[in-house]
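K.L.:
This is the structure, below, for whatever I ask next.
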Amino acid sequence: MVDVWLGAFATVFTVPNILAILLGVLFGVFTGSLPGLSSTMALAILIPFTFTMDPATGLILLGAVYSASVYAGSLSAILLNTPGTPSAAATVLDGYPLTRQGLSAKAIGISAIASGIGGIISVIILSTVAPFLALQSLRFGAPEYFALAIFGLTIISSLAGKNPWKGLLAGGLGIVIATVGMDPIQGYPRYTFGRAELLEGFALIPVLIGLFSASQAFHLMISSKSSKSSGPDISNVTGNVLPRLKEIRKLLPNIARSSIIGTGIGIIPGVGTDPAAFIAYNEAKRWSKEKEKFGKGSLHGLAAPEASNNAVTGGSLIPLLTLGIPGNAVSAVFLGGLLIHGLRPGAELFTASGDIVYALFFSLFVANILVIIIGLSGARVFSKVLVVKPVVLGPIILLLSIVGSFAIGNNYYDIWVMLAFGVIGYMLRKYGFPLAPIVLALILGPKAEQSFSQSMLISQNDWTIFFTRPISVTFLVLAIITFITPFILDRRAKNS
Amino acid sequence: MKKNLLKGLMALTLALLLITLAGCGQEEASTNEETNEGGSPETTFNYPTKPITIINPFSAGGPADNTSRFLAHHAEDYVGTSIVVENRDGGSGTIGQTAGANADPDGYTLTLITSSIVSNPLFNNVTYTHESFEPIIMTVNDPFYLVVNPDAPFDDIESFMKYAKENPGQITLGSSGTDTVPAFTLRELALEEDIDITMIPHDGEAYAVAAAAGGHIDGLVGNFSGFESQFNSGQLKPILIFDNERSELAPDVPTSEEAGIDIISGSWRGIAAPAGTDPEVVAYLHEKFKETTENEEYQNQMKNAGIDMSYRGPEDFKEIIQDTYNRYDMFTQE
Amino acid sequence: MSKINKIISLIFIVIGAFTFLWSFRFPEATSAWPKFFSIILILLAVGLLVDSLKGTKRDESEEDLPSLSEFGMFAVIIGALIVYMLLLNIIGFTILSLLLLAGLLWYTGYRNVIKLGCISVGSTVLITVIFQFLLRVPIPQGVLSNLL
């Protein structure tokens, strides 16, 4: 174990990898702080860049962007009363009141420290739990993977978004789109209409770039007409960034609790960063002696969601790296980054490619420390980023999407796929359909079908194979429960 | 306002610029060298005068892609022009292979070839055959193993055969996919030895290895690099190597020849030009690629990626391809 | 919102019906999965339709049918992109992207010509440098291919 970490240490502390962390954090802070640019988009657009890099460097870059962009959503939440990423929605509650009291610098400082600690705690949990869980993944045969994929699909679809019908429909659409191409067992071409390009289905990376980056670009450009206003007014960052040690010590139990909540929620597929932040906020309020201060600029109310949403990053990587189940849209994109380097989630990843995985863990640790340092030292500089008008970014993101999807395989067809999914993504997003279920269904759907067929081959067409194995039956029951829960809750809400 | 805006853009683009600089410092260096070498062309014939493209008919990432990219990257210094790898994936390789077979035979469009240039024309409706390609060099040949879970009711090739004969259809063996070489090897084994095995296709060898190590299937046919760590930890046991000599990596494993099974199978990969290419060009490329494969940096890169290097010249390579064709051709008669 | 929800439900039902019917062309073993999920898709779409007919207010935004100007704008952007793609091989990436960027910025209401020019030229040149020279992506340069 020790030499694994020493190896990771040696890998991370090389010039390109340290540069990757530093620039990843800067890029993450930039995209995260701008309202309208999400972590998912930032990662999707970076994948083509990581492709030519060493696998470890590429993943380290993606990990740093992931951590930093989740943190940076709080900058505009605190300064502008607008969350830079959805995960910072809870940060607005106490962050903006602090700004109005002239304590914006302190708020930024606290949020950086809480985010960094939250991230670090989640990385510690990730690096202790994941290798163990990865070994457990050997217990998963075809029936277990089928049950797990079905569970992942239902939980993601029913929890994403306000309207469960739309989440489930998005998931269903993803599964149907995923059937395009040769089927996983017999290799029969389905819905290819004689086009050889469609034989292997839609490639994941152009689809991701289209759904998350191009659709965002369309949105930024088209919504520009309705919002003619000039750049937002930024109040100057005032006060001392560095909080007093006593204040931090008081916040620590709260930060630790919120981090554990965040990590735990991150592990559950589909819940994501935004609910994690709100749950941690409510818990902090429940445990606090000064409940009345919440919503009026409580430091506890600021630290809790910040620690929690950053802790989700480490948590969401646990099911991703061990079982290949992405916990949210960002980690689905992260999976794309893994696959492009030929890395497959599971026990194998931790043994054969252990050096890369542990280097990734260690780099996340370093990235979170950097988040604290940059958050504390660069608060005034980054607040200036917020004046960039999102309108300008639309065409640039679009161009990057085009070049990026071409760069992966150097072919035009991928650009068309990207654009098509950009259009689909824009339309769906506009009418309240969450995009995460589509991507997750694209990943999990074929997995479910293949493991279903494999189970049937192994059991010689005996359906009971899914119900006689404990892990498989557990996940199937959980899947049924998550599928119907939103509708039961809905009925109850109506009756009362 | 303007200043801030530009500052923001600078941050974005600078970040991207620097990171790519860091990642590609080496490539830059080779670009410079290449321009120097490009200035002193060969005297005997005028080739190459422009960049060479290697079509990789498979998607980016993974061992096949690495095979072409590592070679292209290092060969630039030897060949004396830049070499671009173009992924034309889709249709199990048919798209890229069609493009490669129909390219002008001028030596500027090469193809990464694998045994799928033999299997695709046999089982799909395409416009080329394995003879549409002029082999230049084989860089990789990885023999396949028959690997089993130690808890399975057999632990060597004799007991495996015995069990298979007594329990038709009961043995489940994984493969990396439906129309892949391991799958053909399994079918060949079943046909040759007249046994009934249930083949379970997976989405790549890694998943088949995991399923076999976890005891969900009885075993698999795959390359050594795929099950190396499970072999070392005793979770999987190779019982046969489809080759005519034992491997240094697992010297206890009997060869198919020793076991009286007439199947030699491995995944070979190499570079080919379209048929009809000037033999002088083929010879030039072969020589330069061969020098590349002797480059230490290239060898380390391949080793780190767990790829077994194995060199063959154009004539030997042609023979291996023809042999693969003869074996697969059996299944078309089924 | 409910009007647009009804339209979307119908679109999903059409998609589901199409994939369901088309799957009858496939061999038995490979058609089961798409058939099953086509039916699920149709059922979920019917669910959304019924839910919208009942007038349940679930969605946050009150957005209804797209306004004509928005739809027109989207169509213009997509049209520009299709033209861009068709000309990419002939004219080349750098020139075309510069025009696309400048055009889109102008179209989305950016009127400061100097800044617009700076952004378009700067981004295009940077992207070209990064991808073509550092990442060695063979970006099609069309008429410029002999110069770059």
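Glycine too: its Cβ is placed from the backbone N, Cα and C atoms.
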K.L.:
Quick one: which of A:34-53, A:54-73 does TrEMBL have down as transmembrane segment?
P.N.:
A:34-53
K.L.:
Which of A:6-27, A:356-379, A:415-445 shares the most C-beta pairs under 8 angstroms with the transmembrane segment (A:34-53)?
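P.N.:
Maximum Cβ contact count belongs to A:6-27.
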K.L.:
Mean pLDDT across the domain 'DUF112' (A:18-440), rounded to an integer, is what?
P.N.:
86
K.L.:
Count the CB pairs under 8 A between the transmembrane segment (A:320-344) and each of A:6-27, A:391-409, A:415-445, then give me the winner.
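P.N.:
Checked against A:6-27, A:391-409, A:415-445; highest Cβ contact count belongs to A:415-445.
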K.L.:
Among A:107-133, A:145-161, A:201-222, A:356-379, A:466-489, point out the range having the most Cβ pairs under 8 angstroms from the transmembrane segment (A:168-189).
P.N.:
A:145-161
